[in-house]
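Trainee: Before we start, here is the structure in question, set down as structure tokens.
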């Protein structure tokens, strides 16, 4: 008998001892069994689901033989019951691990091995998983990609073979040749093209990720950019071009809010509707390089468009690069450059004509000048993403533009980037980040999913009415404005959405400065998405005028329920409140479920509690010593879910939760403020001896060492430099009606927090009275105030406010609490909030766990849910499951509103050693916040059946809009995150370091630096102006020559702002590469 190895080496046929037989249509299995036994065969069974096809085996024949059993086949065919019979032979099938060209291991391009991002060269051996897609035979063949930029070099030796003139055009000069000017400034587009389609297997540079794709380029940034220029570029030959890659956008200066004009918007819409013969053009966009300036890519109208795949960057180390912009519109990430000396850049082709000049002159050409190892920024990330999309399109040319986005969402990996903080899980179990979107793109996973993908149902748009609110946005950073939208998902209409894709929130708001604002959107399922984070350089007093903030964080969630929009000043106090003029939400999605193509291990649909450690009640497992301890050591906290001592954030010395804003005390050199550890106290606060930021006196704008030692004053008050006090504008003899308030010795007139006339407040009371919020009181201080005795700074006994976490206190610090609002006695003077998933039990004076069905609860029992664990649904403060079977009005599955609580006893865990107070801000609540309301959706029940109406096939609960009920919930001042405590913005530190250095420098040095810089700028400007005039037109005006690279802002003649300045998103285009990398190194050292 032949062995398997011999069989594989055989050129002739090898047969088994099995025979396939087809019987007549009226035959049964019993007939097949009888047939087999009558001719000496053993009946094996039916062949799959094939009707009347059966498999027989003959034990008198070798299992492996080169001889065909004609005799036995003839016997079978001779039976009148048999239509067809065949002796089964072994056929060769091999894995398609090879392609028409050499596989990556044998690619000979000189710089291929330095392309670390496709050679497992990133942290922990990760890469873009491109080689695996190549081995499956996908190299981009038949796919056309064009680069919208400053042009490309068509005759570049590493691009010429793949160059496509039908995908190219010079919009700037209106001719078909996209060749850039050879002046050293226009290499960007050629570099991007090389990432996509550099030819494999030659002697030049590296290899493109889609090295068999066709590549074109549009020259549109090498001149004045207008709306029309952009529209022509975006709409180039849409039935021929499949993918448009753009690595540019508005300025990344941290203060610009800009997007496409009317024509460009139309080009986007036409592209997705008509491009690729109706399947939709695919637009890939770089997310932006303004990270060091605290820019936010949701202020870029190209990256926050639903029509673009917004791509971010990750370093070789698997971390956030210094230039990355965080926002909620980023879909996914690819690798790019990082920090000097630690991370490598991207290898690609470079724009150079000297190679051909040397050939013409007969000189040996220098091929190395055709390549670069220093392509950087999100500019380098977008073409990598475009190339991977090209591989997916080759695998399935019928993918629509929305199919591609769905595939990217489902296949991107968070594991290579998991060490960077900021990841959270949305309500459908997907990992998501404001930095990286859904994670690092995976070429193999994309082509695998593309091959079996079926087109998604048509896009549905469900839009809320614009809500004309005209509500005040508090000037204080301790308050916030919250508005809600109870949304039905357009139920009962053709626009009914059950599964979200994009969510766009249009906001018309005014706040000065605009950059202080933080805007957060929270879905009915509890997913928290930061639509806007503060931009410290945006000091503009311009409005957000119906600006569309995009979030992709709710992908797959059900839109029905209460949406919460929270707007707040997240930096220092503003001079006056702002105003939310109007807002509305547009939902994009589908109403049918998409098949689950994925490996179940990639999706965590349910979020069960982790199995806790086996420690006794009120103790935690110390993971370092494996002992159960009552108090966790410094640097850790008692985790109520895992019953372990979990590490604090690196910014905290001690903490009550894992986040950076869960600190109790800080490391040396940092200052405690609002549960965070900062490099310096914010304006209006001073650092005491313990390093805590405490509020200055009400008259001080800034102060030092004590609350009454002012260094600057609030508006209309004057600083007395001898006493360091802010002098009132009036004395006791000039106050209202020439009299101070009762029992007041001296008073002053200060601006009111509202727009009304100034208020009169007391500065000093008679000896028996206490000064309380500008008035004199004979009563003792209220419960949330402490009594401060007269001293050299204050001549009156004064009632001063306790820290917001304290019920009563002995001083202003958060460590001086005597009692707490919503917890038991303080621990070492601290009132700590109950973590998410626990509530304060007023009877036991401890934090007890919520019922397992609740993600958060309010008490007084563990069943009083505020939010539910997915996929349960909130109804009358209970979390109930939806139906498992479809139902009609006549037959619905019934659920009791109390069945869940009766079925399972709540986990009763006493946390007396980790008592945590709900740090509500009720004492500071202004009139607006008192009027705010919240509501949560509740399941609609039939009056007599007490059951929910469910939908097929998956069974989500359906409630008619007209009967949808709501239940009032407690005020929540801050959005809840997936960790513990209120979610706050993660402050970046780069601008603080620069600011601190300037503050600590001698004034004379600062003056000299500023004066020298102004002189240098003036000299450079005059020199460039002279050179530009000469090069442009010696006898004419400026901005007329193609050689002149300067952009001029053209006067706006339409409401659509059609003429814009656009910037390229490569680091070496934004700054000088060497200088900037040195600067980055300096930041790391600091």
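Indices start at 1 and increase along the chain as displayed.
Every residue gets a Cβ built from N, Cα and C, even glycine.
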Trainee: According to TrEMBL, transmembrane segment applies to one of these ranges: 1005-1024, 1025-1044, 1045-1064. Which one is it?
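Mentor: Based on what TrEMBL states, transmembrane segment spans 1005-1024.
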Trainee: Between residue 379 (active site, charge relay system) and residue 188 (active site, charge relay system), what C-alpha distance do you get in Å?
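Mentor: Residue 188 (active site, charge relay system) has its Cα 8 Å from the Cα of residue 379 (active site, charge relay system).
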Trainee: Give residue numbers and ranges for long-range contacts of the compositional bias 'Polar residues' (170-183): same chain, 6 or more residues beyond its ends, CB-CB under 8 A.
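Mentor: The answer is 150-154, 189-190, 216-223, 229, 232-233, 351, 353, 1042-1043, 1045.
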Trainee: Distance between residue 188 (active site, charge relay system) and residue 149 (active site, charge relay system) at the Cα atoms, whole Å?
Mentor: 7
Trainee: Just to be sure I understand the packing, how many Cβ atoms besides its own are within 10 Å of the Cβ of residue 379 (active site, charge relay system)?
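Mentor: Result for residue 379 (active site, charge relay system): 31 neighbouring Cβ atoms inside 10 Å.
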Trainee: Let me know the model's mean pLDDT on the domain 'P/Homo B' (456-593).
Mentor: 93
